[in-house]
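Okay, structure first, notes after.
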Amino acid sequence: MTIQYTFSMIKPDAIKRNKIGQINTYLENAGLKIVAQKMKYLTKYEAECFYDEHRARPFFNSLVEYITSGAVVLQVLKGTDAITLNRKIMGATNPDEAEAGTIRKDFGESIEANSIHGSDSQNSAKREIEFFFNKSEIIE
């Protein structure tokens, strides 16, 4: 059991439906601590760079268009095995396949508009946190 940091992004569909507080409650009730959080509109360039690993995938352009369609909430989460724990509380990518009680099952609307993104590995968490946050923005 290792203390880890992970990255989370509450997506535009959840922001538009005023679900930030409810999603934060799910994260905190699961044992994750929010140590950094900010709201912003991603530029097309930021979105393309952030999702660069998906550039060759057929959904890349619609993903960039969606993620820039409204504000997002960027977060750094801390906790014991935070990456795995966050993935568990988020649920399956497709809300129709997610377990009851997960963020995506309870708030997601579609595979793309599934309310939340979370890092899938330690390398991804490091890259994603550093993409959006300076060390001085992470408050223990």
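Using N, Cα and C of the backbone, Cβ positions are placed for all residues, glycine too.
Per Swiss-Prot, the ATP site holds Lys11, Phe59, Arg87, Thr93, Arg104; the candidate it also names there, chosen from Asn18, Asn114, is Asn114. Between the listed binding-site residues, namely Thr93, Asn114, the fewest other CB atoms within 10 angstroms of a CB are found at Thr93.
Classification of Thr93 (ATP binding site) by DSSP places it in coil, neither helical nor stranded. When the record's ATP-binding residues Lys11, Phe59, Arg87, Thr93, Arg104, Asn114 are compared pairwise by CA position, the greatest distance found is 21 Å.
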